[in-house]
Each structure stands twice: as structure tokens, then as C-alpha cells.
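Participant: What TrEMBL shows for this protein is this:
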ACT_SITE  980  active site, glycyl thioester intermediate
DOMAIN    693-1012  domain 'HECT'
REPEAT    98-139  repeat 'RCC1'
REPEAT    140-192  repeat 'RCC1'
REPEAT    193-244  repeat 'RCC1'
REPEAT    245-296  repeat 'RCC1'
REPEAT    298-353  repeat 'RCC1'
């Protein structure tokens, strides 16, 4: 052991008589102790030394008129001591069993005592500041006690000091690897290198970029992903060691203790440049000096205050750069240095021939770590003797009750990947996590005990706002437990509790978790989705079978499913929508339609699932059945804000139910929402009707074409919306801009145009949607995104105006030279995209911003008033808010319909009255129809249905009835259509040519109801 500094080794009076002093010089003393030194801690008034046999001694400084002397005191304890640490006057000792003992030098005759709050805790690390202490438990919890004048306890502002250890709740969930304390400041280091500091910061010793004290742990962001493995604190400075052997220092530089060849304070950790190229393996801070050990060369460097010889140079001057300690020459090339120590104005080093220092380094000592899970533990638990079950249960409880232990498990250690933990990287080896729980599932008793502990202890302890992202790992680990539990019909309650915990997270942390979900492997993300999807289905089944309201837990799991669905859209390898759909809802609506269908209806019970089949046949009383339907419907309607669980059919069913409920709540009148229009002035009549405010949009719309005989059972209003769309995009209206390349329309950006008309257009659009009609106004997807609160992107501009999008994409690819030649500024059509945009040129550095602002201008800024008015009208005319369940593409296709035509499908769905498919008239009809041009075929659809747009599913979802009309002089009549019911009345023409002429004339000229 080597010693240098203010006090000579003999003056400490801590050596045994048999310890041999081998070398003495003015700079460094050397002694060979009989019992090897394992730990040592130096304070201004007390120094403690621990030998490997577990015996601890302290030397207390006594001041008298003759000067300072040191008195040796041997501390008697019940157990073997494995660690010592001192403050200004107090000593903390840690036994092999994890018991923390406290001793104060003010009463040298006293015995070390246990601290009451920690008697049941197993302590693995201790650290002492001048007048405060920090302890880390085996279950990863941090305790602090002592003075709190500068917030060094981390308990929050306004909290006074305490002699009783208090849990530092703000760091719960962070898996800690090391703690450190200086004069009046403290640090905690996570397993993946995140650093948290608190307490006095007058010289910037917390490394936070300022000199304000912190009363609770604050993350030292500048050290993120630096692979920090060790922290040492002086009185007012801090040194940090990384796994790559780099050293950073911050705080007071008054004596040069930061090693930057400067006496300036550093408010942020700064790399000690002198060590660049060397791999430092240990650091230690004295009060105003710093030691660093470079293991490959076996050299100890010192810098800072040297007034008491603590730098080991033989001089008493300060050093602002690291210089080697003048060790005895015969030992200088010995690379077996084990530990270095510094404290107050003193320095020590311990070596042992033939032993590498790593074996004793504190950061690699498994005894000083918190528990963590691994495959070896799983094997031990599932193979343990039944006689040892009590011990196994106790271990399960200890580990699975601690979120810190869970978060410190299954780290991705290959290539030190877990040190890259950030808002985008979780640092977990999820394959190992899965293997661990697969092993546990082999023994049901163990698995159930884990489930019990997690449910009762772990989940209730989770913080909604943990201090760092490492605390979020538990939310990726527990789904793997849930996976094996659900396979064994367990874990339903745990899934709900986990969902609640996730949804309680602070929004910023929830975004981080969503980022993790978006990046984890496909099978692991699918597991998360499958867990909550299967539990959601289970609740729907319980509602059906038990007739009980499970809406509260159900809402939790489906809300989380919705979050996962939104994340899924951001993943490179996403799941199909069917992974989120709950088909039980579809079965329910099918069941209800059967219940409400006439007794001899073609619908039958084979259409429903076995669960609802049982409900149907188990002899429920009508009142009981109605009560069940109302309960189930109420629950379904309560989760409509989570649309991912509904497929398109279920959403349409919900929307229909919502409308039916609204209609039944008002007293319907025959013409409660009757719109009278003339074909020649359709736009003008429609707008005038809306402005008279005599309508109730909750009521079904009835359209009357004046001076025509049509009765609106759906077909008349459908034709109105088709004609409205045609009129709106005609050249005469000039209300919408038509993009020739895409044949889509968008709002006119003319600021002088009154916005009331766009409110009317939105109202008509909303009326059509509410009444299940199609409007042939070719809006792009961007409109429906905006209605649903989503932001249009460059891809949306590509759909609307491919030419503009191609130009912007080229702009993003241009080299600097081409960009300079373009001289493109931040303006569009004379409008500034940013203040003084005409004076700012697009460069490689700002072009992405230009593109984003350009897209925003097209879809938002330039038409803000127009769209706002349109949306206001749409919402007014569609009071059933369940329209928000639909996604943009769904809303678009339900509003505009499809335009993909499989004409053969029309023949497949056709039904016949008064004739058969093999009749010559029918054969001639289909031959004529298929020979028509596409334009005339579309006219035929408009003739039959009032629109040539198709519902989802295309022509296969249309309904066509062909009625043969036998009449005299049939060749003189035209075919007639009933658009409300998709019926074609076809006279018994004498030849195919006459049929062709009459049908062609009808679809081109018979556009007035009642004319044929």
C-alpha cells in the first residue's frame, strides 16, 4: 500500500505492529500490510481502513494545543465488514449480510449502530458526503439522510435534514449501478450510464450547465451515451470515468483539480484532454485534488491541490494538468495496482502482485449490484426442491417487487449496446426476456407466484413520471410475462393493470415508449398487440356470457390497443389491421339484425358465432334479451373513440345505430328535413334552403325535385348529391380548383371569395354522409385527414398535384450548386412562408423546412378560412359524432364511393321478376350492356342508382332487380328505373336492336323523375 499527503502513514495510527514499512521517501510511503487492505475512506477528521479479513479500524483526528493527533479505534461488529465510508465526522460500515452500521466520531466510546429504517434492508453500497449519507439497497432502492442545507438528500425543496434514512422516490425505477457523494452534493449512476446529480452546485459540480443548487435528482444530459461507469466526488468538483477510459470533470477548478490546465470552474463535464489516447481505469477525488490510474502503463496521475503533498510529486505546489505520482522506482513498472483512494488532503493506492485490478474494482463487484433476472435464476426457480419453495417465493417477491431490478435485467450487453439507451433505443435483449419467461412457464406454481407479486406489488409501485427512460423497460418486459400467462388462461387482471399503468405515464414518457414499440422486433410488437387484443376479446365474451358490465377494464385495454395501432402505422414492418379488430362486435350486430328480422327472413343463425348462437337458443325471455342487447350496445358505443377495434362493417353498423338513436329521440315529421330543388338552379336552391335555417339535420333528408313525380326513398336524394357534385366542379361555379393531372379538386385560395359558400358545401357534404349517400366531388385524401385532425404530408400533395410534388422531391435531392442556381426563396405565389421569406434563399440546410412549409401552405395556410367553414358545415350537418371513428381513407370512400368497376359482378348479383336469366330478353340486355362504352355504362349506373360511384365492395355490393314488363306495343316504351330500390323495368322488346336503342336513349335523356 502506498500513502502520500498531509499525514504520514504512521501518524494515522491505523497500522498493525506486524505491518511492514518497506520504503519511505519525501513523496510517497509504502507499507506491506499483514492483512491485505480491501477498502479505505479518508475524511478531514476521520479515516477508516478495512482489511480483507473483515476487520475495520478508524483513526480520529484530535486537536490539542500541541497540534493534531490521530487516535486509532478498532470497531467491534457482529458481522464481517465488507465496505467502509466516512464523512466529516461519521463513519458508515457495511457488513457481509448487507447490514448498514453507523458510527460517529464525536463519541469515540460508542459502538456502531444499525439505522432503524434500514434494518430490514440489504444494503450493497454506501457513500458519504461531509454531513450526509447515501445507501443503495439490493432491491435497487436509494436512501439518503443527514443534513439537507443544499438539497444533498434529493428529497425536494423545503425538506429539512433527517437522521432517519428516507427513500429517494424520484429515482424509483432507475436501475442503479453506483452512488457517490461529495462535500454537499450527490450522484447516482444507472446501469446504462445515465447520470443524476443533486445538492450543492455553486461551482457547477453537478455538471448541469449552471450554478444553481438542485433539491432533487437532475439528469446530467451532457453525459448521455458516454458509457459512464464510475463517478467520484470531491468537496466541490466531480470526476467521471467512461468505459472507454475517458475522464470528464466539472465543478470548481480553483486548485487545478479538473485537469484542464486552467483554474476556471466548469459548469458542464469537460473531457480531460491529457488522457486522450490513454485508457484510464480508475479515478478518485480528494477534497481538492484528483487521482487517475492508467492500468496498461501502471501509472497513477494526480492533479489539483498539492499544498499538503497529496499529489505525490514531492512538491507542495498545485497542478492544473495530470502528472504521474512519484511511486517508488522498484514498484513503478508493476501493473498489479488494485485500487486508488483519495480523500481530504490524502491519497492511497493498494496493489497486489499477480492480481489484476479489475477483480476488486467497485464497478465490477457483483456483491455491490442490485438483483437482476437472468436465465440461471429461472433455471434455479423451476428446478428447486419443493422443500425450498418458501425461499424461492421470498426471492420472487424481492425481485419482482422492485421495478429497478426488473429494469436492470435482460440488458443488451453485446457491443455495449445498452449504453446507447435513449428515447429511441431501449437497451433490452428481448430475446433473452422471452426465454426467461418461457422457462418460468414450465412450472405453473412459479409462474402464478410471479403473477401475484407483479399484480400486488410491482404494478402499484410504478411511477407515472420516472426520472429517466431506463425506467420504461418494465413496460417492454412485462408483455413477455403476459404472453405466457395468457397462454395458460391467466393474466387478465394483470393486463388491465399494466394497461392502466402505461396510460398513466406522463405524455412525454408515453411518447418514448411508443418510440420503443415502433422499433422493437416484429414478433415482440405483435406480442404486445396480441396480449391486449385477446384480453379485450375476453371482456366482450364475458359481457355476452355473464350479462355484466365490463366497460371500465375494457376501455383500458382498447385504449391501449388504439395507441398501439397508431404506433403500428409508423413501423417499417407493421401488422395488418385485422390484428386489432374485435370480431365479436361484428357478431353482435349480425345477431341483432337476426333478432330484428321477420320470422321468415332469409337470415339464419348460422351467420353468427357459437357464443351468440348459444344466446339465441338458450331460451332467453324477450325482456331479458332486450336488456342484454341494450347493455351490449351501450358498451360498444362507449368504446367508439377507439376505432382500431372496429372493422369497416362494424363502424358502419355503429354509425347507423348512432343515427337511429338520434332519430328516435326526436318526433319525426314527414318532411322534417325536406329539400326542394329544381334541376336548372340546383346549386342556388340548395344554398338558399340551407340559409333559411328551417331544417333539423338529425332527421332523414328528403329531396323533392320540383315539378317531378319522384318520391325519395333514397334514390332521389342520391341523384341530387350526384348533380350537386357535377354542378360544383363545373366551370361556371369557380368554387373549387381542378387539378388537371390528378383530376382532383381543392379549395380556391382566393382570399376575396366569401367563405359562407364553403360552409354550405361542407353542409351538403355532411348531409350526404349522414344520410348514407355518395357525393361525386373528387376531393383528395388530404381533406379527410384534415377533417379528422391529421396533418397532410408531401405524399398527399403528390396525390393532388404530382407535378408540384416531383419538383419538391427534386429540390430535396439537388446538390448545393444547383440550389444556388435556382435562387428559390421562401415564397409561394407571392406569399411569404416565413417572415421576409423573399429575402431567404433555400439551401441544403433549410430545404426540408421549405418543403414542409410549402405543403402546409397548399393544404392549410392558403385555404384556412375556406376549410374551417367547410368543416363547420360538415359537423353541423352530420350530428352523429361517430363519423370520427373512420380513418381518412375510410371516410373518403364512404363519402365519394369507389370507382373500380367489375361489370360481371352486376350480372352475378342481379335478381329477376317475371323472367329468368336464360330468357332471350335478359340475354340480349346483358349483351347490350357489356357492349356499351365505359362512359355509357357509367350513365347506366346513374340511371339505375342515381350515381355512378360505388359503395365499398364495388358492384358486388349493389342490388339490382330486373323486372320484365309485358305490354302491348312494348317497342314504343323506354326502360324505367326506380333508383330507390335499384330496379330496372324492361319492356319485352321484340329485338336486340330495339332494346339497344331504347336503353341508350333512356340512360342519356331520361333524367327527370316520372319520365320514361
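Here, residue 1 is simply the first one shown, and the rest follow in order.
Every residue gets a Cβ built from N, Cα and C, even glycine.
TrEMBL annotations: computationally assigned, not manually curated.
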Participant: Report, as numbers and ranges, which residues of the same chain sit near the repeat 'RCC1' (98-139): CB under 8 Å and 6 or more residues beyond its ends.
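Facilitator: Sequence-remote neighbours of the repeat 'RCC1' (98-139) are 41, 43, 45-46, 58, 60, 71, 73, 75-77, 79, 83, 85-92, 145-148, 152-153, 161, 164-166, 176, 178-186, 188, 199, 233, 235, 362, 367-371, 398-399, 401-402, 404-405.
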Participant: Based on DSSP, tally up the residues of the repeat 'RCC1' (245-296) by helix, strand and coil.
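Facilitator: Secondary-structure composition of the repeat 'RCC1' (245-296): 3 helix, 23 strand, 26 coil.
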Participant: Can you tell me how the residues of the repeat 'RCC1' (298-353) break down into helix, strand and coil by DSSP?
Facilitator: 3 helix, 25 strand, 28 coil
Participant: How many other Cβ atoms sit within 10 Å of the Cβ of the residue listed as 'active site, glycyl thioester intermediate'?
Facilitator: 17
Participant: So, in DSSP terms, is the residue listed as 'active site, glycyl thioester intermediate' helix, strand, or coil?
Facilitator: coil
Participant: DSSP says what for the repeat 'RCC1' (193-244): how many helix, strand, coil residues?
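Facilitator: Output for the repeat 'RCC1' (193-244) reads 3 helix, 23 strand, 26 coil.
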Participant: Give me the DSSP three-state residue breakdown of the repeat 'RCC1' (98-139), ordered helix, strand, coil.
Facilitator: 3 helix, 19 strand, 20 coil
Participant: Determine how many residues of the repeat 'RCC1' (140-192) DSSP places in helix, in strand and in coil.
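Facilitator: Taking each residue of the repeat 'RCC1' (140-192) in turn, the totals are 3 helix, 23 strand, 27 coil.
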